[in-house]
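Working notes, structure below.
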Amino acid sequence: MARQVALDRVRNIGIMAHIDAGKTTTTERILYYTGRLHKMGEVHEGGATMDWMEQEKERGITITSAATTCFWTPKYGNYAGLNHRINIIDTPGHVDFTVEVERSLRVLDGAVALFCAVGGVEPQSETVWRQANKYGVPRIAYVNKMDRVGANFFETVKAIRERLGANPVPIQIPIGQGEVFAGFVDLIRMKGIIYDKEDGSTYTEVEIPHDLENEARTWRINMLEAVSELDETLLEKYLNGEDITEEEIRTVLRQATLGVTIVPVLCGSSFKNKGVQFMLDAVIDYLASPVDDGEVEGHDPKTEEPIVRQPKDEEPFAALAFKIATDPFVGKLTFFRVYSGVLNAGSYVLNSTTGKKERVGRVLQMHSNKREERDAVYAGDIAAAVGLKDVRTGDTLCDESKPIVLEKMVFPEPVIEIAVEPKTKADNDKLGMSLAKLAEEDPTFRVKTDEETGQTLIAGMGELHLEILVDRLKREFKVEANVGQPQVAYRETIRGTVEYEGKFVRQSGGKGQFGLVVLRVEPLEEGKGYEFVDEIKGGVIPKEYIPAVNAGIQEAMKDGVVAGFPMQDIKVTLIDGKYHEVDSSEMAFKIAGSIGFKGAAKKANPVLLEPIMKVEVITPEEYLGDVMGDLSGRRGHIEGMGQRAGAQFVSAKVPLSQMFGYSTDLRSMTQGRANYSMEFESYREVPRNIAEALQEKRVGKDSE
């Protein structure tokens, strides 16, 4: 099957937003207008197509980034009349599902940032915006819910500029706001669009209403000045008062959007069917195709030499697996983005991350959770493969004769853990396998066994994250489990630098054991994890024993010296040592490495760390004092406060250990009128009195 659409007419986009900005409804409307849906599903009725997990339908929030494909032919603009393929990744807006947003942004060429015209820029919008900045994703902004009481387009534009540090340039302004929202002025064509009151999908083009002429002129000048600054020819025309064509404006707007220097802003009400078609035109006009994104960089798995691949079908096949999902009908699905080349169904691919070769059984293009078989997928496509057993999120799939490893995805470490116990013997048998499947899908979800108690512990990014995973155990895998109290994932590190000798000797006749290492341990900056450096000179320790020393150190780091928590952000340098020709072995050096590290860590001013969360609360003014007092009482540090959409907001940094059950407390404190968001910020040293209490607790547990 040949390529259906030329590569420069493909758009891989994400829709990113805060919860309740209307993301799922907007996606539904896109699918409806592009002919993919015959009936629209409303989130508040629990019928939306993109939200295909049971809990998503129940909770009205999107958890997994479902991928779907559709076609659109713009009516206006530089690409009018040309058919385009749009692949949409629907991303969740809840902060516990950061990993879903992160991995979708990695494979996108552009995004539609959705804002609620009433709420403006919410805390989660900032988080997602920062993630998009990290990956340099071009964006257009769509101010949704213009029909709601209290909607304010211009305040939202101002908030995008002030709170997100972006450069928003409206290319539309609304005709009426709130209940009187009737349409918009197109500032490029200088025409009014009035929607049919009964059916928002039909509209009439009109002259700009008299009372809006001045405002429209002002905002058009604002737009022209913004684009003229980026193009000398346009600037000259503008300064000389010459006419600038629609095509010229769109061309420079596109360049500026792709360069992430401008964010074109549109408005609408997806629920009322107003604005979605024009937003789709803007996706085609201003967001990148895989061709604009250009080459992708990677390296040779053997030589580490840099390799570059062009987004062309003729290039060798290279793709990134960005999501693993379990489908009730076909089993394990691997979602992947093709960066170069062609993949035929039934062919073999090399997983260059692991070095394993696997056969792709079938290739599916997903429409939400419905499937469409494809014989082949091409550069720029997003699809799902059936039959890949050992692929994990972030792995590279490629042509085995031309191997390449693409840049890996980096995921945050979990900050909260709970114990799970199966309710029955039958549940016990299925628990391990079910948890392993969930961990395959989600890299921020970890499963481990507590060696002291034998309990199974699951770790994740927040209470809601773990709650939903336990819920999935029950629904998808039919495993009933009792859940313990949430526990904080404390960590340990060191503050000083120490050199220490680790020695393991057993020599009492016959074959003995001998390993001696000298280690230097020192702190690394936060988030760097662990670094091992081999500085052995003159073969005082043979090369084959050095990996064993490293393994011994890493094993010792799992069980810290302050209170037995894992250690992090430490650099260890192996500077000297001794070996015995007969008695030395890998095991002896592994134990010596472990002894040396433990001894050094005890002397290097070890400290206990706790996860600190960034908390934002939006509350009516009358509860502000109570909310702030409560946060301070939780060892919180108030960072800032201000007004937001008729309410007050407070931002604070609070230890995670103090935030369990906060949603219930906040609800009762404010009669359910406040809401909050919380995300992991960093690890910070635990105050001495709390560290001592934790140590006693651990020691007490050990002596039981």
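Using the three backbone atoms N, Cα and C, a Cβ is placed for every residue, glycine included.
Features as listed in Swiss-Prot:
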type	residues	note
BINDING	17-24, 90-94, 144-147	GTP binding site
DOMAIN	8-291	domain 'tr-type G'
Which one of these binding-site residues, Ala17, Asp20, Lys23, Met146, has the sparsest Cβ neighbourhood, judged by other Cβ atoms within 10 angstroms?
Asp20
Can you tell me the three-state DSSP label for Met146 (GTP binding site)?
coil
Per-residue pLDDT averaged over the domain 'tr-type G' (8-291) comes to what?
83
